[in-house]
Amino acid sequence: TKFPPYLTEDDFKLAASLPTTTENINITQYYLKDDQIRSALDSARWPNGVVHYILDEHLTEHERAEVAKAFNDYQVKTCIRFVPRQNNEQAFVRIIRDDTTCGLAIVCRTGNEQWAKFGGGCITSAVMVHELGHTLCFGHEQTRFDRDDYISYRPGCNPDGKDNNHETSRELFYDYLSSQHYNNDGCYEAKLPGITTWGGDGGLSVLDINKVNSYYECGGCLSYRWKPYAKVDASTMIAGGKEYTGEQQYICRVYHNGDIIPGKGRPNHGCWVGYNGVEYHHTDNYEMLTDPSRSNSYVWRQDDNQPSNAIAGGRDSSRSTLYISKCHLQLHGYNLQLSGKFHNGKAYATFGFVEYTCPPGSYEILVC
């Protein structure tokens, strides 16, 4: 059957019925066999996040659904939109099946026809998410200019090259679980503690989403930005709870034992987060949550469940998303409002070197 050169409603319906992709040996092979790409360009964004495309008309129904699933991952979580090329747009991407490769894409918008390919045993949404990341101007995470701060190579392994992709990294944390990071073939060693899992799981990671939304200047409910504490504009920080002294807290996050944990913080004072019942104070390498557009879109909502519009604050080392909470607690004679994390139906906050579980009805969740 010959299909139209664009996705249809039926393709997206079939995509919704595809099984959830989980990390497995096949995906590891897909990423490791991914072909070399050219260096990312700092300025070659797709205007307004709109990517015009044409589909290979010989893709099967199932293969089209895999493409639709990849498109959906971006379109649900970011402001990127994949739009059929119907008006002879000069810049567009052709989605191609090519069984001589696993995955291959031209990086960034070139201004003319370009392609993103998958083939062989790699015709999955996971591979297409990865290749579309290149189309959108994102290189491989392990080739970031600052990767030597986060990974090393075991003897006998050839280090990957480095991209000058300062712009697309957005100065955010290195992402061991990025859809753009290769899985560990035994050559990588993490320089941060607690890193046991590498590479993507078939879709965009929490940090992938942050990077795409920042690079493409997404607005509305996607306008929040995580910023290194030393470079934050204090007037844009999103307020969290308050200290027992009444001093305002703000929302921070930091790597701790492989998790990226949201907590309470103040620039140049540190970020306090909870882990396994203990409060930890980090004084460097943390990020602050900001609203540069001053949209005032972000509010606290009392809800014992996870609202669908909750703002992701981080994730644990097994990829589970951590959301942002604010607990109202009475401790040591103080009435406290404490920013923390929400995970698996429970909110947590820290005070006085202890991590507390917040009772039902005592906390709010940051939403848009």
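Here the Cβ of each residue, glycine as well, is placed from N, Cα and C on the backbone.
TrEMBL annotations: computationally assigned, not manually curated.
As a whole-number mean, the pLDDT of the domain 'Peptidase M12A' (35-219) in this prediction is 90. The domain 'Peptidase M12A' feature in TrEMBL is assigned to 35-219.
Among the features that TrEMBL reports, Zn(2+) binding site is placed at HIS130, HIS134, HIS140.
Marked as active site by TrEMBL: GLU131. Within 10 Å of the Cβ of GLU131 (active site) there are 30 other Cβ atoms, across all protein chains.
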